[in-house]
């Protein structure tokens, strides 16, 4: 008996040791673009059809961004964080989004698959970093979509003259506050869009273009009405100066950056556009126009819309839930009807944003399923519709459930951090991709500079936020900023590029992605504590899931194995010899 127990103990110890080695090995395993484009993509069965053009991508980008965040976050960012200077918050967030969009574009052109940031990080920093970021980004999508769906109910109520929170959201007394106002309309909207995106991507895009074009007319109407009927004094005067500070910067310059971190939710849509790369006819031409062009257009719209709102209403009188329609609701000079029109326009826009975001989140989960770190069931592409049906249905049900119960403010407090973190990682990844070739260069010089620059940016952010105001603070911040610039220049002089993109590359490399790193970290430093708690808790769950399931999925030993892929035209090509295949999970990774 004792010998049996002893042998069982040593067997378990050996199994644990093998598991630890496998986890360590898989966590840093990387794939190549060839993997992602052929053998990994083949795990979905049917292909996604290449039916989208640059016009579709611009429509998806504009619809995905303008339709949601500006109506959800502008009121809260202005009233609670930035005041009339919220238009500068949008400009800063737009600049950060554009810099990140350049990094996304280089990857998407070189690697036109549906995985977005997950695939980009998997070919640079390895499987674990990709899964951690991909899982957080999917959760951001789910939470933001739930928030947007609940906002749809509020704006639909404005369109028909109903206070939705009281009439259309019954309160369940035995549920805790924040989860007790049931929004059936939000849940029905999510489920209806889920059915649409399961049917066809092209038809979803056509509907999005029609809704987006209609919505842009509403946006122009909002801007014109705001500048026509508003008062410039509202930019510098509070409605109640005894309780709230007046001025263009009532919360100071720091409030502008805090507002930028909140309104960054409004730019999530362009990331969804990059997940459509696998369905684009001409990735080299269409993706740069679709991603960067939509971000530029949307930034202009956001700045004019937020300025219009600030001109209409003093910041301390803005309705945080439905700011644009509420601006006209209380008017007694015959302009109340504008509130109904704005409510209808916002409802159209929110629908477009939900279509785009739910298309994007499903494709993220589909490609994560291809990797084997979650069940392969999520990777299935339906042969008739050419859409990731399983991932779409699962995420639709999850989002609908959250939107049914959870208050808008709770949802808004939980989003943005994951998105900013992923954009930060992609900016690092595009530099790593350009300056490191696994077979010819050492990664350590590049990694050392990236780490040093990130630490310098974090130090600047902490000083900005916590150091007492005064000349010493300004001097230290200036020195810190100069050190960061010198660090980038040293990197340019000391580390040569290992490879250059063949099709499209980030301009002014490496200055643009380094600027993106700095801005994303700076905006991360503006977020509140609960956001970091959510990020830490969910990331902990992701780590446990990866160790328990992903890295040991299916068991089996690691061994070399030949594989073949079916290329366009029916020809077969042998996979490169430098791959490792997990005998259980089917994981293909580059030998390092």
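Numbers here mean position along the shown chain, with the first residue as 1.
The backbone N, Cα and C atoms fix where each Cβ goes, and this holds for glycine too.
Note that TrEMBL annotation is computational and uncurated.
Positions annotated as domain 'Cationic amino acid transporter C-terminal' by TrEMBL: 504-551. Per TrEMBL, transmembrane segment is recorded for 52-73, 117-138, 147-166, 206-228, 248-267, 337-357, 387-405, 410-432, 444-463, 475-496, 508-525, 532-552 (among others).
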Other same-chain positions with a Cβ less than 8 Å from the transmembrane segment (475-496) and lying at least 6 residues past its termini are 435, 445-446, 449, 452-453, 456-457, 459-460, 463-464, 467, 510-511, 514, 518
With a Cβ cut-off under 8 Å, give me the same-chain residues at least six positions beyond the ends of the transmembrane segment (444-463) that come close to it. 428, 431-432, 435-436, 473, 476-477, 480-481, 483-484, 487-488, 490-491, 494-495, 514, 517-518, 521-522, 524-525
The transmembrane segment (117-138): which same-chain residues, six or more beyond its ends, come within Cβ distance under 8 Å? 26-33, 35-36, 104, 107, 111, 271, 274, 361, 364-365, 367-368, 371, 373, 395, 418-419, 421-422, 425-426, 428-430, 432-433, 535, 538-539, 542-543, 546, 550, 587, 589
Would the transmembrane segment (206-228) and the transmembrane segment (387-405) count as touching if the test is at least 3 Cβ pairs under 8 Å, pairs 6 or more apart? no
Go through the chain and flag residues at least 6 beyond the ends of the transmembrane segment (387-405) whose CB is under 8 A from any CB in it; none is fine as an answer. 44, 48, 114, 138, 141-143, 145-147, 149-150, 175, 179-180, 182-184, 186-187, 190-191, 193-194, 197-201, 358, 361-363, 365-366, 369, 377-381, 411
